[in-house]
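Right, one structure below, let's go through it.
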Amino acid sequence: MTVQMEYEKDVKVAALDGKKIAVIGYGSQGHAHAQNLRDSGRDVIIGVRPGKSFDKAKEDGFDTYTVAEATKLADVIMILAPDEIQQELYEAEIAPNLEAGNAVGFAHGFNIHFEFIKVPADVDVFMCAPKGPGHLVRRTYEEGFGVPALYAVYQDATGNAKNIAMDWCKGVGAARVGLLETTYKEETEEDLFGEQAVLCGGLTALIEAGFEVLTEAGYAPELAYFEVLHEMKLIVDLIYEGGFKKMRQSISNTAEYGDYVSGPRVITEQVKENMKAVLADIQNGKFANDFVNDYKAGRPKLTAYREQAANLEIEKVGAELRKAMPFVGKNDDDAFKIYN
């Protein structure tokens, strides 16, 4: 299915005019949405639990409240807390304070699509999902453009939900560079698949496997790190800028020939079948339930996975090598530390 890119000129209704907006959560996405909307002339308050994020929101000049108080005051409530805590936050502090005609928004469809959160039928449910981390959403807005976004409507109680979604996307700067309409189902399942099979899970597993093959064959770990991890950014940047074509035009003929000959030997039809199994677990809710149940149990699986990952040899080798490369990791100031 082909979708049409939309821009600021396509946002016909200033649906957020006169609305009080509550951004719930002040982390990576929360600070970016809130600051961009404020700079776009919107009336924004913050709802967040006491702690560092609460203090940071006040320091950044926002009227800051508890989640319950912010919900009571607002017409439009955007929930930007981490996926795993949204259900309990919604049930305890947001749901009791919603009114008919309110709009509730999300930047990811996880809790709505898998029905961990059920919003009353007289409340709009929309989505604005920028395709980039919060610090990039903020930085590009300040530079005069933005990050593309997906928007969707799950529930249109007032007849105005799509206008709210599009105007929100405009307010955070996304409509400057392009909007794509989607559904909660499509955004949620595709986003999770991309993260698990390619961008995060697939990529890190591929890098680690390559590192192990080289070191087990007797090659120096430091050299293996450069070959399978450090140079990854250089290749990905070329693909990002101009697709596979630009990457292949930029590498040597030797590398290009090896790409065609050996790539299919690594990513086989069996790997594709494994990817289909990953997608199936996303579609049928197995992954979502496993993730939420692990959180409710105190995160034993996630904690174990993190400990295992931290002890990988490639991580230890990389940490030492990066000390000699002060230019690595200096591209986006310290926004990650501030808002995470």
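Heads up, the Cβ atoms here are built off N, Cα and C, so glycines get one too.
Taken verbatim from Swiss-Prot:
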ACT_SITE  H108  active site
BINDING   Y26, G27, S28, Q29, R49, S53, D83, E84, I85, Q86, G134  NADP(+) binding site
BINDING   D191, E195  Mg(2+) 1 binding site
BINDING   D191, E227, E231  Mg(2+) 2 binding site
BINDING   S252  substrate binding site
DOMAIN    3-182  domain 'KARI N-terminal Rossmann'
DOMAIN    183-328  domain 'KARI C-terminal knotted'
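Known features from Swiss-Prot, placed on the structure.
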residue	record	DSSP (3 states)
S28	NADP(+) binding site	helix
R49	NADP(+) binding site	coil
D83	NADP(+) binding site	helix
H108	active site	coil
G134	NADP(+) binding site	helix
D191	Mg(2+) 1 binding site	helix
E231	Mg(2+) 2 binding site	coil
S252	substrate binding site	coil
Pairwise Cα distance for S28 (NADP(+) binding site)/the residue listed as 'active site' [Å, integer]
13
Cα-Cα separation of E195 (Mg(2+) 1 binding site) and H108 (active site), in Å?
13
Given the recorded positions H108, E227, S252, which one's Cα is the least distant from that of R49 (NADP(+) binding site)?
H108
Site extent for NADP(+), whole Å (max Cα pair distance, Y26, G27, S28, Q29, R49, S53, D83, E84, I85, Q86, G134)
19
In the chain carrying E227 (Mg(2+) 2 binding site), residues 6 or more apart in sequence that have Cβ under 8 angstroms from it
G210, L214
Shortest C-alpha distance to S252 (substrate binding site) - which of the binding-site residues Y26, I85, G134, E231
E231
Can you check how the pLDDT averages out over the domain 'KARI C-terminal knotted' (183-328)?
97
Using the alpha carbons only, what distance in Å do you get between Y26 (NADP(+) binding site) and H108 (active site) once rounded?
16
Same-chain residues at least 6 apart in sequence with Cβ under 8 Å of the Cβ of D191 (Mg(2+) 1 binding site), in sequence order, are H108, G109, A129
Just going by other Cβ atoms within 10 Å, which of the binding-site residues D83, E195, E231 has the emptiest spot?
E231
Taking only the Cα atoms, work out how far D83 (NADP(+) binding site) lies from E231 (Mg(2+) 2 binding site), in Å, as a whole number.
32
